[in-house]
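What Swiss-Prot records for this protein:
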type: ACT_SITE; residues: Glu135; note: active site, proton donor
type: BINDING; residues: Cys21, Cys105, Cys203; note: [4Fe-4S] cluster binding site
type: BINDING; residues: His50, His83, His133, Thr173, Ser231, Ser232, Asn233, Ser276; note: (2E)-4-hydroxy-3-methylbut-2-enyl diphosphate binding site
type: BINDING; residues: His50, His83, His133, Ser231, Ser232, Asn233, Ser276; note: isopentenyl diphosphate binding site
type: BINDING; residues: His50, His83, His133, Ser231, Ser232, Asn233, Ser276; note: dimethylallyl diphosphate binding site
type: REGION; residues: 320-340; note: region 'Disordered'
Amino acid sequence: MTEAPPLPKRRVLLAQPRGYCAGVERAVDTVEKALELYGPPVYVRKQIVHNKHVVAELEAKGAIFVEEADEVPEGSIVVLSAHGVAPSVYEQARQRRLKTIDATCPLVTKVHQEARRFAEQGLEILLIGHANHEEVVGTTGEAPSSITLVDGPEEAEHVQVKDPSRVAWLSQTTLSVDETLQTVEVLRRRFPQLIDPPSDDICYATQNRQAAVKRIAAIADLVIVVGSRNSSNSARLVEVALDSGAKASYLVDDASEIDERWLDGVWTVGVTSGASVPESLVTGVLAWLAERGFDTVEEIDAERETLVFALPPELRRELKARGEPLTRSATAGDRMNADR
């Protein structure tokens with residue numbers, strides 16, 4: 001009697017890079033450093049980053065999250081989120097005599113600068129992004145009369161401009177790289193003189209995480225993306241995984257949201273996380289999988305990240321005035337290694 005061939009070994013393919021990017025690390029450090037310097041409460045307009053666990057942890061330390069600056073008591077400290085804000089928010093904060101600490105990601109600030117420069121040149125700006133996303137709202141506020149939102153290739157087919165020879169494009173930093181390229185292709189076909197931004201607006205971390213998930217999706221039966229549902233870059237990772245060959249892909253905030261039925265007939269599970277996800281949540285998912293026989297973990301490298309952003313100038317000035325070192329609480333790599 002012929003013996004049946006051995007079953008494949010259950011394994012996990014772990015994407016690298018994953019989790020915190022430099023902008024998120026800086027934003028979280030900003031709130032923590034403000035709490036350390038000034039003591040609680042420190043107010044934060046909007047979620048500092050789009051992850052409910054990070055927000056809850058900062059709330060436990062004394063941060064108070066509000067939707068708008070007019071909810072902050074006059075004269076208080078307010079941190080502005082990593083996603084950026086419109087100029088009107090700075091004015092509102094000034095009128096309320098708030099001490100503002102700007103945690104906007106420097107890569108988002110770059111897009112704001114490009115929007116102002118294009119508008120000053122009299123160009124019409126087609127902003128590729130998702131309506132009502134905080135980053136899009138902030139960028140649009142830099143030049144509201146010059147910006148038209150374009151949400152994907154289909155809208156690009158129908159958007160109207162005043163002068164096709166005077167059009168530029170920008171994009172939200174957390175979009176699908178492939179879909180953004182498709183959208184730009186449509187715009188360039190319709191407006192051949194379309195002006196590009198000086199450099200790619202989609203951030204390095206978004207691109208790297210999408211490249212990594214493409215590699216694991218091509219050989220995984222299932223891809224689990226750790227991230228909150230309001231995180232644009234996390235949601236895009238699910239889309240990229242499905243487009244890149246994964247039979248199934250799901251977004252979970254943590255291991256408690258995994259459905260055991262997803263593992264039926266699955267031998268290889270890919271795991272990654274969005275740019276606002278602490279490594280401890282990924283560790284929890286790996287432990288959950290290990291309990292179910294997926295205890296072999298192979299890290300799949302797409303890119304090694306070393307970028308670190310300095311703290312906002314408001315905090316650096318305060319630290320200097322107090323004679324304290326201009327240090328960050330930890331780098332993303334330090335936190336990742338500590339969690340693991």
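Here the Cβ of each residue, glycine as well, is placed from N, Cα and C on the backbone.
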### Entries of Cys21, Cys105, Cys203 which, being binding-site residues, have CA atoms within 10 angstroms of His83 ((2E)-4-hydroxy-3-methylbut-2-enyl diphosphate binding site)
Cys105
### Query
Could you tell me the C-alpha distance between His133 ((2E)-4-hydroxy-3-methylbut-2-enyl diphosphate binding site) and Cys105 ([4Fe-4S] cluster binding site) in angstrom, no decimals?
15
#### Entry: Residues within 8 Å of the His50, His83, His133, Thr173, Ser231, Ser232, Asn233, Ser276 Cβ centre (excluding the (2E)-4-hydroxy-3-methylbut-2-enyl diphosphate site residues themselves)
Val49, Glu134, Glu135, Thr174, Asn230, Ser234, Gly274, Ala275
### Task
Identify which of the binding-site residues Cys21, Cys105 has its Cβ surrounded by the largest number of other Cβ atoms within 10 Å, counting every protein chain shown.
Cys21
### Summary
binding-site residues Thr173, Cys203, Ser276 vs Glu135 (active site, proton donor), shortest C-alpha separation belongs to Thr173
### Summary
For Ser276 ((2E)-4-hydroxy-3-methylbut-2-enyl diphosphate binding site), the close binding-site residues (Cα within 10 Å) drawn from Cys21, Cys105, Cys203 turn out to be Cys21
### Message
For a quick check of understanding: given the listed (2E)-4-hydroxy-3-methylbut-2-enyl diphosphate-binding residues His50, His83, His133, Thr173, Ser231, Ser232, Asn233, Ser276, what is the maximum Cα-Cα distance in angstrom, as an integer?
### Response
15
